[in-house]
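One structure is given here, and the rest of the page talks about it.
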Amino acid sequence: MKRSDFPANFIWGTATSAYQIEGAVSEDGRGPSIWDTFSHTPGKTKGGDHGDVACDHYHRYPEDIALMKELGVNAYRFSVAWPRILPEGRGRVNPRGLDFYNRLVDALLEQGITPWATLYHWDLPQSLEDQGGWPSRETAYAFAEYADLVTRHLGDRVKHWITLNEPWCSAYLGYHAGIHAPGQQNFKHSIWASHHLLLAHGLAVPVIRRNVTGARVGITLNLSPGYPASPDPADVAAARRFDGFQNRWYLDPLYGLGYPADMLALYGEAPSVQGDDLITIAAPTDFLGINYYSRAVVRNSDLEPYRFQYVRVGEEHTDMDWEVYPEGLYDLLIRLGREYRPKAIYITENGAAYPDAVADDGGIHDLERVRYFQRHLALCLEALQHGAPLKGYFAWSLLDNFEWAEGYAKRFGLVYVDFPSQRRRIKASGYWFRDFLREAVASS
Ligand code: FCB
């Protein structure tokens, strides 16, 4: 497998998100987000870690862009921090927040790296959470205002826009499982949140198109194929429920099918749809972003409301304890192309955490991560050859960073970060990616 096996116009990038790397949480007028509050609440993140400093990217972005240049990527997916732009979530604009992204975008373009901006990667302004957060419909309207503001300022230079990152995580992990900000455990709220997130996306799509000439707009979902733990029909039905919970609940309304009837029946909970919401949500997009890390294997369970249980399988697992299963990415790409027919698919995240350490020779020999990338890319290529409309691939992540509830314990970077000194060192996987992009190596 070589770079030239992929189409010449294939996008090769790295991805990050604002709260995970920027730090500078009280600088230049940024307001607090739900992740500041959550991570500073005792017991919520591993070791009490928070993003106050993170990778200090807010100050070190020129160095980080130089690293991307060295890797040879042609695109960079970052997220804009809503609370930097609108410290209270709505109303008062903070021009210094916009200035930061102006500088970042200009610096990327100077290096020939195409900016791909995500508008929401989980850092909801705290004051919007105080007014009800995503379970409140008002938050969707607030998002459309924020999208309007950001795209009016950056849209002359940024053409690729992702509305939301992984609404499943915001809705389920944030409002039902309670393991992400804001840490609620309320099923009904999570269902309402999912609807208002999708509505926020749908409201923002035409706003972005209006503001940005030549816009390419999409959404990023974290999708995972689900397989039954056994051929028992009860397990097969459980895998179907998992698929409804993780994938179809988002895909179906986005592609004009409304919420899946089997899931509505299972949940017994209506997602507060009003008027033309489903038409708004199904606004045509230019691409579907998918974040793929692993598959799920499930068996039947009586536990309400989802009625499935995860089963740990496989031989190989990453430091997140996620099974390494590249075939799941292939299955997913083929299925999406056939069932939903997106105009284009970009893998907006794919990567792995391993317990990296700096060796005596000063290198970081993360050969398992190299293997992970090679195996996933090989299956991307196969899916492409079998007709999947795959147009690009972003490795997660450029840097080791604040991995949400896992704090700094989980390292996903192509570049190692020594957090006390903020020194960056390219890992073996980063050099492998560079060589692959330069085509200096054949990788399998
Ligand atoms: C995804 C998130 C990203 C990162 C990776 C490991 O769910 O979008 O921010 O945490 O997982």
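Using the three backbone atoms N, Cα and C, a Cβ is placed for every residue, glycine included.
Those TrEMBL annotations? Automatic predictions, nothing curated.
Annotated active site, proton donor per TrEMBL: E166, in sequence order. Note: E166 (active site, proton donor) has non-local neighbours W122, T220, L221, N222, N291, i.e. same-chain residues 6+ apart with C-beta under 8 A of its own C-beta. According to DSSP, E166 (active site, proton donor) sits in a coil region rather than a helix or strand.
The active site, nucleophile annotation in TrEMBL covers E349. Within the same chain, residues at least 6 positions away in sequence whose Cβ sits under 8 Å from that of E349 (active site, nucleophile) are A15, T220, N222, N291, Y292, Y293, F394, W396, S397.
Here H121 (substrate binding site) comes close to S17, A18, Y19, Q20, S79, N165: these same-chain residues lie at least six apart in sequence, with C-beta atoms under 8 angstroms from its C-beta. The substrate binding site annotation in TrEMBL covers Q20, H121, N165, Y293, W396, E403, W404.
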**Listed in sequence order, residues not in Q20, H121, N165, Y293, W396, E403, W404 with Cβ within 8 Å of the centre of the substrate site Cβ atoms** = S17, E166, E349, S397, N401, F412
